[in-house]
Amino acid sequence: METPPQPGAMDALHEAGIWAALALQAGPPWLEQFWVYLTSHFDPKSIYTFCFPLAHGLDARVGLMVLWIGLVAEWLNVVLKWFLFGERPYWWIHESGLFSQEELEKLPLRQFPVTCETGPGSPSGHCMIPGAALWPLVTALTAEVARSTRSRVLRLIPFLAYILFLVAMGLSRIFVLAHFPHQVVTGILAGSALGWGLQRCPPNFRVFRFFVAVAVVLMLSALALHSLATAAGIDLDWSLRLASAWCSDPAWLRPDTRPFASLCRVVGSALGLALAAETPLRRRDEDQLLDGRLRVASTVLALLALQLVHRLPRPSDAAALYRHVVVHYAAGPFLVVSVLPRFVIALRNFLEPSQVPPHTN
């Protein structure tokens, strides 16, 4: 009779994560809907399409920092996932050999359309990238509250909301079998530390060449690391095969969860920051945007425009998909920072000529 494999330290950690997922999936149906909604609507892409334009509408520099820290965090997350070789629950439970077929059939674990991420699992990108990118927004809101009140409780509200959001996101990732608990904890800690560190050394957002160089360096360095690992006999694409083997529905295998799709988001966003740096608003336009109505209009238009851009049909071919991602994510910062504010100002000046400020030398 064949002796079952003995679990090691990591297997024990993974097995504990399976029981945590079972406990979460045993919850009420309304809570299931909440976890699925949270993990599907507030994934790392929402930093580029929702959090960045919203933060930019509140404060232009804070919005740019959200985007800048988000793209650096996503690049680092891809590299860490490549070399930490983190398992994902939905395939580990089959590959580990710790569960017999009969035991697997008795476990009431379910997969969801958002389960089948194709990259490695550690650290959680859903926790690390928002954890880093939202740091400047949270600190800005905290400073704003501190200027309005002396209450320590009120001043803590932005950070409490930040912590609750990340904890809820982590639980949602465990619920859908995309991550183990230790992976979401690692993601939260790494993201918070990265956000804190990068906020202390902001770049000059008006230097076009800097962001072009960032886009080139981040892409080439990732390609170089991938090539060196492959040459050394390290298979960095192992997770793609396991995802394909154990996903309940092949239609749930989304190409935009591949590591290179993440790198294309990073490169596109950096190029978008370069375009925005090359076409800065004039001081006269910046002064007009101090009008709350114009800022609200510009922010609403930005949110709608980015949703429209990212709902356009995507090609099925991998190379065409990657080009598509670069172009779409480059369009985002350009629209939010340069194009739409100018459009709103021009529209207001056309409809209300009396509000046009006089030219100054």
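Start at 1 and count along the chain as shown; that gives each residue its number.
Heads up, the Cβ atoms here are built off N, Cα and C, so glycines get one too.
Not measured: the values here are computed from a predicted model.
Look at TrEMBL and you will find 62-84 (among others) tagged as transmembrane segment.
Mean predicted confidence for the domain 'Phosphatidic acid phosphatase type 2/haloperoxidase' (62-199): the pLDDT average there is 95. Here TrEMBL flags 62-199 as domain 'Phosphatidic acid phosphatase type 2/haloperoxidase'.
Its Cβ placed at the centre, Arg88 (substrate binding site) has 27 other Cβ atoms within 10 Å. Per TrEMBL, the feature substrate binding site maps to Arg88, Arg173.
Counting every protein chain shown, the number of other Cβ atoms lying within 10 Å of the Cβ of His126 (active site, proton donor) is 30. Marked as active site, proton donor by TrEMBL: His126.
Distant neighbours of the transmembrane segment (156-174): 17, 20-21, 24, 34-36, 38-39, 42, 89, 124, 126-127, 130-131, 134-135, 138-139, 141-142, 145, 180-181, 183-185, 187-188, 191-192; these residues of the same chain sit at least 6 beyond its ends, with a Cβ under 8 Å from one of its Cβ atoms. Feature annotation from TrEMBL assigns transmembrane segment to 156-174 (among others).
The annotation active site, nucleophile is assigned in TrEMBL to His179. Around the Cβ of His179 (active site, nucleophile), 33 further Cβ atoms fall within 10 Å across all displayed protein chains.
Annotated transmembrane segment per TrEMBL: 180-198 (among others), in sequence order.
Feature annotation from TrEMBL assigns transmembrane segment to 210-234 (among others). Packing against the transmembrane segment (210-234) from elsewhere in the chain are residues 71, 75, 78-79, 82-83, 203-204, 263, 266-267, 270-271, 273-274, 277: each is 6 or more residues past its ends and has a CB under 8 Å from a CB in it.
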Spatial separation of Arg88 (substrate binding site) from His179 (active site, nucleophile) - C-alpha basis, Å: 5
Proximal but sequence-remote residues of the same chain as Arg173 (substrate binding site) (Cβ under 8 Å, at least 6 apart): Thr39, Ser124, His126, Cys127, His179, Gln183, Val184
